[in-house]
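Engineer: What follows is a single structure, and I will ask about it in a moment.
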Amino acid sequence: MSGIRVRFAPSPTGDLHIGGVRTALFNWLFAKNKGGKFILRIEDTDETRSTGESAKVILDAMKWLELEWNEGPGNENLKYSPYSQMKRKERGIYRKYADELVAKELAYPCYCTPEEIDVMRKKAKADKLPPKYDGKCRHLTPGQRKQKEIEGKKAVVRFKMFGSGTTVLNDIIRGRVKFDNSLLDDFVIMKASGVPAYNFACVVDDYLMEITHVLRGDDHISNAPRQMHIYNALGWEMPEFAHMSMILGAGGARLSKRHGHTSVLEYRKEGYLREALINYLALLGWSTEDSQQIFTIEELKQKFSVERCGISPSIFDPAKLLWLNGEKIRSKTPQQVYELFIDWLKYTGNEKLTETWDVELLKKALILEHDKIKLLKDIPSLVDFFFTKNVDYKEEAVKKTLLSEKSKDIAKLVLIESAARLPNQLDFSAISLEQYARNLAAEKNIKTGQVFHPIRVAISGRMQGPGLFQMMEVMGKEDVVRRINVAINKFFQK
């Protein structure tokens, strides 16, 4: 063995989902923490569902998350390659070891049809026995097998299981886990098509790729005894196993789209940061002694340990992920947020949304709205009013602030006075503008809010937004005065 070697082995039958990313992340962090190697292997033996497009989506998601692999597609080590199971199948890797097991009489060809096996299992259920294959082909003589082949019957290869006893897994996370061998049937290791079955292929690959630790979800724990028997039959040393807790949705239901996006790249489209998603997923099934919640990637590499993983299911909470994303955005400088936003626009194909926006004005607007951004997709709706020539006046804001019986006369007065005075305001800084507004309120014997609110609605069209005077400073004198005059003409010139 050559040090710690772990692998992430997704099946390209769809998008990379949250559970899969958590598995990849924990393997990656474990490798980083131990100075080991992280291997990416594509398990594409599902002949009907595996697609090249799904494989590309998986690679794209891994690249976005920057879970870089030491070995795998595009970065192959000739000692262990190829990293696609179908390519390995073409080289006869699995057939070689299946034939070895048959030669040792630890496996055998089975000619039973799916319909025959279905009948066996139904009968076992009716007899209140475990619904498993009954071993019909286990004791066929060489002559009987030859006759089956003459008849053109296709055979799978089944592994011979023990009918009694217990298999014990020493799991890093779960401790000793016992399996009753009597519940395990003679399982298929090679399909009739010559494609290896999952349990067989991953054992052969893990051994040949010198995988030292298998970290995976606990939905795979039922596969462990079968895989352990294959290791023993071939005389191979087993890796260490660690089965991580499942991720569930709210209320303990199986995670689905109603709990949030299942595809990782959907989170990218929504404007989540990779650091936020990684930070959040690290908390699903793992924790530190001090219950720290916010981590940098480097901190996760330093602090992660499999021993701190729990066995209770983790609940996926979209609200916490959203909160964490906002925290990560607030930890960035405005320049970094700008760069992330531009990258997001390119990824989502929305470059035209901002192609007429002044870059320096956008950067200044982002400074003002920095603390309100939870998702990158929030940015356009937060800052778009800075760039419009025609203010989009929100109906509620206009009714309440400009046109209500209680406010309209004062609002008209404030806007007309401001349109006349602001062009002569030499210092258009936020501090001076606030002083101007307070002086106007005192002069007219009205409340400061009666000055602030009409100006805000006149120049932005809305009641909420960044600090009024900081916003005015960023817009600049000419645009502020223009907007105020537009509002006067629109709402008060009859």
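Every residue gets a Cβ built from N, Cα and C, even glycine.
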Engineer: Out of 134-138, 254-258, 324-328, let me know the one Swiss-Prot marks motif ''KMSKS' region'.
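Structural biologist: In Swiss-Prot, residues 254-258 carry the label motif ''KMSKS' region'.
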Engineer: With Swiss-Prot as the source, identify the stretch among 10-20, 43-53, 142-152 annotated motif ''HIGH' region'.
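Structural biologist: Residues 10-20 are the ones Swiss-Prot records as motif ''HIGH' region'.
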Engineer: Do any residues, 6 or more residues outside the motif ''HIGH' region' (10-20), come within under 8 Å Cβ-to-Cβ of it, and if so which ones?
Structural biologist: 42-46, 49-52, 54-55, 57-58, 61-62, 217, 246-247, 255, 260-266, 281, 316
Engineer: Most Cβ neighbours within 10 Å: which of the binding-site residues Cys110, Cys112, Cys137 is it?
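Structural biologist: Per the Cβ count within 10 Å, the most buried is Cys110.
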Engineer: Can you give me the average pLDDT across the motif ''KMSKS' region' (254-258), rounded to a whole number?
Structural biologist: 70
Engineer: Residues with Cβ closer than 8 Å to the Cβ of His139 (Zn(2+) binding site), same chain and 6+ apart in sequence?
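Structural biologist: The answer is none.
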Engineer: Taking the mean position of the Cβ atoms of Cys110, Cys112, Cys137, His139 as the Zn(2+) site, which residues outside that list, in the same chain, have a Cβ no more than 8 Å away, listed in sequence order?
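Structural biologist: Nearby residues not in the site list: Tyr108, Pro109, Tyr111, Gly135, Lys136, Arg138, Leu140, Arg158.
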